[in-house]
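Beneath this line is the structure, given in structure tokens, with notes to follow.
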Amino acid sequence: MPKKLAILFAYFLIYVVWGSTYYFIGVALHGFPTFLLGALRFSTAGLILLVICACRGERVFIPRLVGRSAVSGIILLFIDMAVVMLAQRYVSSSLVAVVASSTAIWIMTLDAPMWKYTFRSKCTLAGILMGFAGVGLLYAEQLEMTVTVHDHSEYGILLLVAGCISWALGTLYTKYRSSDTEPANAFAGSAWQMLFAGMMFWICTLGNGEFSPTGFSTVPLYAWLSLAYLILFGSLMAYSAYVWLLKIRPTTEVGTHAYVNPVVAVVIGGGLGGEQITGIQLLGLVIILGSVMLVNKKERINE
């Protein structure tokens, strides 16, 4: 495949496929318990990717790589994806994607070594404040809905904020604790991240009593198909494309998936899932995406 075409396909994966995974997580949760879904998804994807890396002759058993992948995998994939799946017990996949798009704001806010540069920029300060305002607006709406219908949907927003913070912390750990060997073993590192996340999901699955061999027979076909989609397209293809793009394209350019994912999630959630999108949610989407654009405007100027 020509390189330009490969790049376009990779962007399609991180734009459209990643945006669609929120909907398919919600579908899969109708057949699988929360932790079991994560265990099956990440352990399977991680094992497949590790075997592929080994067959390609990559060094996969580097102690430092494995150790740091364990930490980043647990923080990035396990904690973040666990709260995303738990949140979808309370709120729609569209709203999950909208709140998740504020992760870039949390990364900027928590990146302490960069504060003296970050907070010099009026664009960055405005973006951070806008991002928090957008999330606060969505939380206020869910809190009002809880008062009227008692569905505790505000829990979903709180879980998502915790997930965004976890992803931001994992990203910063990876940024500041990565070794010289890790860029050359990016795919192997991704495989180990997924395997360690899968291991944590298995521990939670067994501890929570979710695993039952006989229970698989009751899982509907659409849930199995959704799981297969998440493994093949969400974890193996899209995540691998993301890692590859980070090696050959500017970080801020690759980060534009944060603008597109929630839009795709809203369209798919409304079109296929029949999810109701309120005016407040659309306003929150615009505010959060605008905040991320302001932050990245400063980053593009610096580059």
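Placed from the backbone N, Cα and C atoms, the Cβ positions cover glycine too.
What you are looking at is a predicted structure, and each value in this text was computed from that prediction instead of being measured.
Feature annotation from TrEMBL assigns transmembrane segment to 7-25 (among others).
Among the features that TrEMBL reports, domain 'EamA' is placed at 7-139 (among others). The average pLDDT computed over the domain 'EamA' (7-139) stands at 86.
For 31-53 (among others), the entry in TrEMBL reads transmembrane segment.
Residues annotated as transmembrane segment in TrEMBL: 65-87 (among others).
Annotated transmembrane segment per TrEMBL: 93-111 (among others), in sequence order.
Within its own chain, the transmembrane segment (123-140) is flanked in space by residues 95, 98-99, 102, 104-105, 108-109, 154, 157-158, 161, 280-281, 283-285, 287-288, 290-295, 297-298, which lie at least six positions past its ends and keep a Cβ under 8 Å from the stretch. The feature transmembrane segment is assigned by TrEMBL to 123-140 (among others).
Only residues 6 or more beyond the boundaries of the transmembrane segment (155-174), in the same chain, are considered here, and those with a CB under 8 A from a CB of the stretch are 68, 71-72, 75-76, 79-84, 86-91, 95-96, 99-100, 102-103, 106-107, 109-111, 135, 138-139, 142. Feature annotation from TrEMBL assigns transmembrane segment to 155-174 (among others).
TrEMBL lists 155-296 (among others) with the feature domain 'EamA'.
Taken from TrEMBL, the feature transmembrane segment applies to 186-209 (among others).
Sequence-distant neighbours of the transmembrane segment (221-246) (same chain, 6+ residues past either end, Cβ-Cβ under 8 Å): 7, 9-11, 13-14, 17-18, 21, 24-25, 27-28, 30-32, 37, 40-42, 44-46, 48-49, 186-187, 190, 194, 254, 257. The transmembrane segment annotation in TrEMBL covers 221-246 (among others).
What TrEMBL lists as transmembrane segment is 258-274 (among others).
Summarising the annotation, TrEMBL assigns transmembrane segment to 280-296 (among others).
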Recorded stretch that, among 31-53, 65-87, 93-111, 258-274, has the most CB pairs under 8 Å to the transmembrane segment (7-25): 258-274
Close approaches to the transmembrane segment (65-87) from elsewhere in its chain (Cβ under 8 angstroms; 6 or more beyond its ends): 22, 25, 29, 34-35, 37-38, 42, 96, 100, 155-157, 159-160, 162-164, 166-167, 169-171, 173-174, 177-179, 181-182, 185, 188-190, 192-197, 200-201, 204
